[in-house]
Every structure is written in C-alpha cells, then in structure tokens.
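S.K.: Mind having a look at this structure? Questions to follow.
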Amino acid sequence: MDFYYSPRSSGSRTIIMVAKALGLELNKKQLRITEGEHLKPEFLKLNPQHTIPTLVDNGFAIWESRAIAVYLVEKYGKDDSLFPNDPQKRALINQRLYFDMGTLHDSFMKYYYPFIRTGQLGNAENYKKVEAAFEFLDIFLEGQDYVAGSQLTVADIAILSSVSTFEVVEFDISKYPNVARWYANAKKITPGWDENWKGLLQMKTMYEAQKASLK
C-alpha cells in the first residue's frame, strides 16, 4: 500500500507506528510540502484536500491519520487488541482520538508550530490551551497505564506521537507526573518508536534553527 507522508508530521508518525504494530509494510512516498509536491495534479486526484498522511490501499484512498489508523487495525489486525470490538472500550478510544485531534495536537499547532515555521510563538492564551490539554491527559492517566483502557491501543499510539512532538520543543512534560510515567513506558513498548523519533529529530533541527536565528 502506498503511504504519502512527511517524517516530521505527527499524523504520519502515528501511521508508521500503527503499521509497525500490525506488521504491515508501507510503500512510503515522502512529499516535500515546502516544494508544493502535495499540490501536484496526481496527488490531488487521490486527496483533493492535499493533506498528509494519505494512504492508498488497492485503489482505496483515505486520509486523516486517525481514520487511517482505525482502518488499518480493523482491516489488518490479527485480533482486536489495538481497537477492541466492545462498544464501550471502542467509544473510549474514539474519545481519546478526538481529544488528541481537537485538543492536544491542536494546541501544539496553535502555539508551537508557528514558531517552527516563522519564529513567532502563539499568544499566551494558546499556551494556556497547551497546559490545559496536558492537565486533562494527566487526569485521564490517573491510576492508568494506558490512555484508554487496560492495554495498548491506537489511542496510545496517536497520543504518543503528539506528546513526543512537545518534547522536541522543550515543553516540560515532567510537570504532569501521570503523563511522564505513561510516556516513559509508551516509548519502550510501542512498535516503531525509533522511526517516530527519527522523524522528530528533523523537526527538532528546524526548532533549534529558529531559536538560533533569534539570538
């Protein structure tokens, strides 16, 4: 299956880890967004929203990383451990995935991402949203080893991708002890972590370059 991605993208890194957990091989096609490769006609035919990641599986194109993750585990999972069939367990996983998209990852994009692109951080209100997102996640993880239930699921993998992104921009995760505990364990047990970190190092290079340019 063809996988259009950027190694710096948290959504792309999520899918790389999910595929690793499932034992799937992805035919990776890196798109250079800064060079407009996502706007080429052949890619727009696959994804008119021209977003990454995008997966094409036997002619079926799907984008939005959390939708891709769920598709992969439902179609290719040897069991339902990453996305249980039980309606309540599945609902909790979906809630965490939506939390990641709409709250946690969104707070990164509004506060830190502008700095990586332009050297200008978001405003103080946006930073408060980062703190609030981690406070919520810390509550979710009180007395829990995983973000949604008693085992590793796609929600852990997606949130691991997001939380690790905050690490490379020097956000102090240690202020949230439950998150820090979960994060240390998730890095050890999640398949594909090394490739996730490899992609993050590219983002870290961009972040450090922006910091240096402001000195």
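First residue shown is number 1, and so on along the chain.
Backbone N, Cα and C atoms are what each Cβ position is placed from, and that goes for glycine too.
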S.K.: Among Ser9, Ser81, which residue shares the glutathione site with His50, Thr51, Ile52, Glu64, Ser65, Arg66 according to Swiss-Prot?
M.R.: Ser9
S.K.: Would you mind ranking the binding-site residues Ser9, Thr51, Ser65 by how many other Cβ atoms sit within 10 Å of each Cβ and giving me the lowest?
M.R.: Thr51
S.K.: Across the domain 'GST N-terminal' (1-80), what does the pLDDT come to on average, as a whole number?
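M.R.: The predicted confidence over the domain 'GST N-terminal' (1-80), as a mean pLDDT, is 96.
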S.K.: Might you list, by sequence position, any residue in that chain lying six or more from Glu64 (glutathione binding site) with a Cβ less than 8 Å away from its Cβ?
M.R.: Gly11, Thr51
S.K.: Fewest other Cβ atoms within 10 Å: which of the binding-site residues His50, Arg66 wins that one? Let me know.
M.R.: His50
